[in-house]
Every structure is written in structure tokens, then in C-alpha cells.
Amino acid sequence: MIIGLTGSIGMGKSTLARMARRLGVAVHDADATVHALLGRRGAAVAAVLAAFPGVGTLTEGIDRKALGARVFGRPPALARLEAILHPLVRRREAAFLRCCGLGRRKVVILDVPLLFETGGEHRCDRVMVVSAPAFLQSQRVLRRPGMTAALLADIRARQTPEVVKRLNAEAVVPTGLGPRPALRALRANLTMARSGVRRWRRGKRTYRPHA
């Protein structure tokens, strides 16, 4: 079973992915893949430099801050970047799934921040959304270096609304009460997935921002 793990910025998705790994689940991290693609001698570096000259070098990779300044708030530029990165991420993801299939893993997780925004839910048997109250989300995100309220507002505007994610997912894992309740919820969902139990609430899967 392929579980798509997603959640808006600051909801605790990365923490939940780490928990899943500790429980023995194979996790493909889309964000980490992007970092590798843009890093030193990364597979996307040449194409990104061709599209956005001056944001890095072929040997040292891409300066993510410089790249962000060129694309955030500029939909055509962001679309150009995504057209470079998304196919490469999909290839890495497909290779991961092939390896998991060879290893006969019953459950794997695709950790994808923009799962719904890119149509990634169609590649998953189930979708698990990580959620927390908006005030807690803001507290977490604004503690990050370089983050501002304006930047957070821009990120939120580009992400699928929280209520829509919850409605379109089969499982919602709350992180607002701390790690222990989140871990319990994760364990319960993984147990159902591994046993083939079909008690997961079917998500509506009606949101189509990518259509």
C-alpha cells in the first residue's frame, strides 16, 4: 500500500515522517530529493542555471535563497522551475517504489508537501494529512530563520486550504497535542494499512487545483 503523507507548512509532517521511519516504514522524502537535485553536482543544477542564470554554479549547486527570490510571488517563474524539478522527483520516486516492491514491503510512504497541488494523490492508495491549529502552525513557522508573516501568508496562499486537505484525505493525524498522541494515531493507521483493513474513511478526492 502506498500512503501519501502531506500537510501544510508547519503542521508537523517531517516529524511524522521521522516517526514512520523509526517504526520501520520506508519513506520517500520529496523535499530531500529536491535538495539533492539542487545540491552540488545535482541532476537539476544545469537546467535550473539555464532557466535562472546567476543562482548558483555547476560545481557548487544552486543557492536556494537566490532561487527563491527569483520565483516566489512570480507564478510564471515558479511554473518554469516546477517543470524542471517535478519530473526528476517523479523518477526518483518511481525508483524508490520499484526498490520497495522488490523488497516486498507491505506499506510505503510518499512524503510530498504539495501532494494535492500536483495531483500526487492519484499515485497513492491512501492519503494521510498532518494537521494542527492555525495559531500553532504560525508559532512553529515563524520561529524558523528568515521566515516572516508576509512570507508565511504567501506560502499559505499557494497551498491547498487545510480544510480541503482534510476532506480529501482518508486519515488525519493531529499534531497539536504533542508527539505522543500523534505517534499513537500514526501507529493505528499503519496497523490498519498493514493488515489490509478497509476501515479508513474514504477521502472525497474532489479537489483538483492541477486540473
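Placement of Cβ uses the backbone N, Cα and C atoms for every residue, glycine included.
Taken straight from Swiss-Prot:
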- Gly10, Met11, Gly12, Lys13, Ser14, Thr15: ATP binding site (BINDING)
- 2-204: domain 'DPCK' (DOMAIN)
Tell me the Cβ neighbour count for Met11 (ATP binding site), meaning other Cβ atoms within 10 Å of its Cβ, over all protein chains shown.
26
Counting only residues 6+ apart in the same chain, whose Cβ is under 8 Å from the Cβ of Gly12 (ATP binding site)?
Val130, Ala132, Arg140, Thr175, Ala182
Number of other Cβ atoms within 10 Å of the Cβ of Ser14 (ATP binding site) across all protein chains:
17
DSSP on Gly10 (ATP binding site), three-state: which is it?
coil
Of Gly10, Lys13, Thr15 (the binding-site residues), the residue whose Cβ has the fewest other Cβ atoms within 10 Å:
Thr15
What mean pLDDT score does the domain 'DPCK' (2-204) have in the model?
91
